[in-house]
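**Q** As listed in Swiss-Prot for this protein:
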type	residues	note
BINDING	28, 29, 30, 31, 32, 33, 34, 35, 36, 56	ATP binding site
COMPBIAS	553-566	compositional bias 'Polar residues'
COMPBIAS	567-588	compositional bias 'Low complexity'
COMPBIAS	594-612	compositional bias 'Basic and acidic residues'
COMPBIAS	622-639	compositional bias 'Basic and acidic residues'
COMPBIAS	645-658	compositional bias 'Low complexity'
COMPBIAS	733-748	compositional bias 'Basic and acidic residues'
MOD_RES	402	phosphoserine
MOD_RES	428	phosphoserine
MOD_RES	484	phosphoserine
MOD_RES	553	phosphothreonine
MOD_RES	556	phosphoserine
REGION	552-668	region 'Disordered'
REGION	733-761	region 'Disordered'
REGION	743-756	region 'Interaction with SH3 domain of ABP1'
């Protein structure tokens with residue numbers, strides 16, 4: 001609908017606005033549907049005691065537009081009497097004179113020094129100093145803080161240079177609340193999407209829009225973090241007199257890509273503040289309280305406003321404790337602690353403040369923090385107040401994340417960025433979920449549950465086993481229980497006992513174990529060695545390990561193995577059957593002395609002499625081993641796994657040694673015994689066959705050998721060359737090639753005539769001359785089929801050539 005043509009008020013016109021009478025003094029400006037005048041009011045404004053006010057006249061084409069004006073008026077009423085917000089005085093709405101529209105009159109505070117943009121235009125040559133910029137930013141942020149502190153919060157959505165005014169006493173005030181709204185949740189259907197998109201395009205300025213405003217498909221709410229983005233653009237513009245996305249446009253906004261001009265130059269901390277406020281992800285931007293705190297630090301002034309997020313969290317937690325509702329207690333010092341004052345004595349403990357992750361909802365327990373006149377943060381704890389932590393950090397109304405100051409932003413408390421560090425990135429919000437515990441804060445707090453310390457100690461506890469008696473709750477004990485090297489991991493996992501023999505000292509253990517081990521491995525005689533047979537059926541190895549276990553445990557081979565860790569018997573008496581395995585700084589066994597070494601050497605020599613004197617009889621070895629230990633089960637295993645099939649007993653069977661069982665446990669079958677003997681003799685007979693040697697002949701690069709029908713193991717058969725064949729080869733100058741597939745000779749095509757002398761090259765002439773001199777065969781590659789023909793080779797020449805080429809190998 002077209003804007004209705006309404007004439008301007010003449011100076012001196014008297015209007016009634018609510019309970020005030022306004023007399024028009026001067027017309028100031030107009031834009032869109034609004035006209036702005038200065039007027040003299042009566043009675044005067046009780047807040048400022050001024051009788052000069054600003055009269056805003058708005059033409060509303062239809063009744064639906066009255067809701068927008070009503071929202072603006074309500075917002076100004078909520079922010080009344082804030083020194084950094086243009087104060088509301090009175091308002092009135094009525095039908096226009098022509099009756100086709102509505103007129104809304106709003107009386108508000110008059111700022112005599114005009115707008116911020118007018119002040120900036122006076123400093124085009126002499127740009128603003130950093131101190132001036134920080135002062136403008138501080139007062140503007142205080143005005144926005146008043147909006148975000150409301151419950152539910154108000155979002156300005158149109159923060160820009162043109163909407164900041166300067167009062168007669170030099171205060172900067174935020175104005176134009178026509179775009180104010182609550183938190184806008186992400187649209188869930190097409191209708192909501194179109195409505196939100198139209199609302200953003202109507203009530204926001206393009207260069208100040210945040211990425212979540214431009215790209216609604218991201219599904220992010222439009223909340224206080226959108227105002228933080230606009231404040232970042234605002235700060236950039238008062239520094240450089242242009243917006244950061246003037247050239248790149250929406251593409252730069254969506255990915256937060258911009259550059260800092262080289263002139264004018266400002267501190268890195270100020271640039272870093274801009275960078276933090278212009279983070280692409282809303283969760284990585286600081287909240288309004290953190291922005292104000294950082295600006296105050298840059299000014300070296302105390303923060304003028306207390307962090308209402310922390311106050312709400314403290315009050316909510318206190319109410320929860322008073323009501324007797326259970327609250328989860330957590331170990332609070334897992335957060336990073338940042339010193340408030342940058343210059344402090346080393347010997348004096350600094351004042352620390354935990355940077356906790358809070359939201360706009362009073363749903364997070366933390367310390368009540370107050371800032372006194374000395375710019376020191378005081379952390380107080382009420383009696384009986386337990387510090388709680390809630391995982392759901394949600395912003396008001398929309399239950400969305402609102403993560404405060406991150407690690408990079410918090411670093412501005414006590415240090416500045418490197419001059420070249422201009423593109424430092426933020427950690428995502430997920431990085432704040434489970435911070436690691438660093439140290440206890442120097443604070444006097446109420447007790448925390450002991451379960452917290454148990455959980456923390458369990459996290460840092462080593463993986464190896466620690467006895468319950470050696471572990472205390474005060475300090476992390478070093479495991480004093482180390483497993484013996486003779487215990488395998490399999491036995492440990494089965495948690496069975498290893499019974500140690502009684503009254504065995506270190507030297508006896510050494511001697512017994514070493515003798516047992518050597519008996520098993522080498523054997524005092526061939527008959528005693530269970531792993532020396534020529535055909536190992538598997539039971540010999542099994543019996544060898546049975547011997548090893550018998551030597552280590554002192555029990556029978558068939559006894560069950562177990563590892564017992566007796567936590568009660570710690571006196572270390574020698575009579576205890578089950579001993580606790582305790583590690584020490586020294587070895588469990590003493591070192592070998594010279595006597596032991598000499599004894600072992602003599603035993604070794606005796607065993608070798610015995611083995612040399614005894615005949616190599618596998619049957620005698622087998623029988624002797626079965627007599628010594630009848631529980632190995634090697635005979636049954638050998639019979640069941642032998643590859644030799646059972647046959648009739650032959651009359652030619654040789655000597656039949658008798659196997660004598662122990663204690664009648666094994667009944668010997670005569671037929672099976674003969675079968676065993678026959679198989680063993682067959683093996684011995686086969687071992688007497690001459691050893692076949694395999695050569696590497698025939699493995700040349702160009703040698704192709706067909707399948708041989710002979711039983712020879714050599715893969716290549718070379719036919720000896722005869723003198724007649726050699727002379728024939730020299731005469732013809734061609735190698736006769738015979739194929740093994742058909743047995744017929746293949747005749748080669750006739751040799752081409754020699755090349756005329758005038759066409760031959762020098763190299764060919766030299767080669768032909770050398771051939772004539774040496775009378776050798778031409779140098780040709782022997783085909784792969786010429787395996788039965790040997791070329792004449794001078795061995796002496798080859799040997800001389802080899803010595804010349806490889807002198808080190810001769």
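Cβ coordinates are placed from backbone N, Cα and C, and glycine is handled just like the others.
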**Q** Treating G and I as helix alongside H, and B as strand alongside E, what does DSSP give for the compositional bias 'Basic and acidic residues' (594-612) in helix, strand and coil?
**A** 19 helix, 0 strand, 0 coil
**Q** For residue 30 (ATP binding site), which DSSP three-state class applies?
**A** strand
**Q** Other than 28, 29, 30, 31, 32, 33, 34, 35, 36, 56, which residues of the chain come within 8 Å of the ATP site, judged by Cβ distance to the Cβ centroid of those residues?
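**A** Not counting the recorded site residues, we get 57, 58.
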**Q** Three-state secondary structure of residue 36 (ATP binding site) from DSSP?
**A** strand
**Q** What's the number of neighbouring CB atoms sitting within 10 A of the CB on residue 28 (ATP binding site)?
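**A** Summing over all protein chains shown, residue 28 (ATP binding site) has 14 other Cβ atoms within 10 Å.
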**Q** Which has the fewest other CB atoms in a 10 Å radius around its CB: 34, 36, the listed binding-site residues?
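**A** Each of the binding-site residues 34, 36 was scored; lowest Cβ tally within 10 Å is 34.
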**Q** Would you work out the biggest C-alpha to C-alpha distance among 28, 29, 30, 31, 32, 33, 34, 35, 36, 56, the residues that bind ATP according to the record, and give it in angstrom as a whole number?
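**A** Site span for ATP, by Cα atoms: 14 Å.
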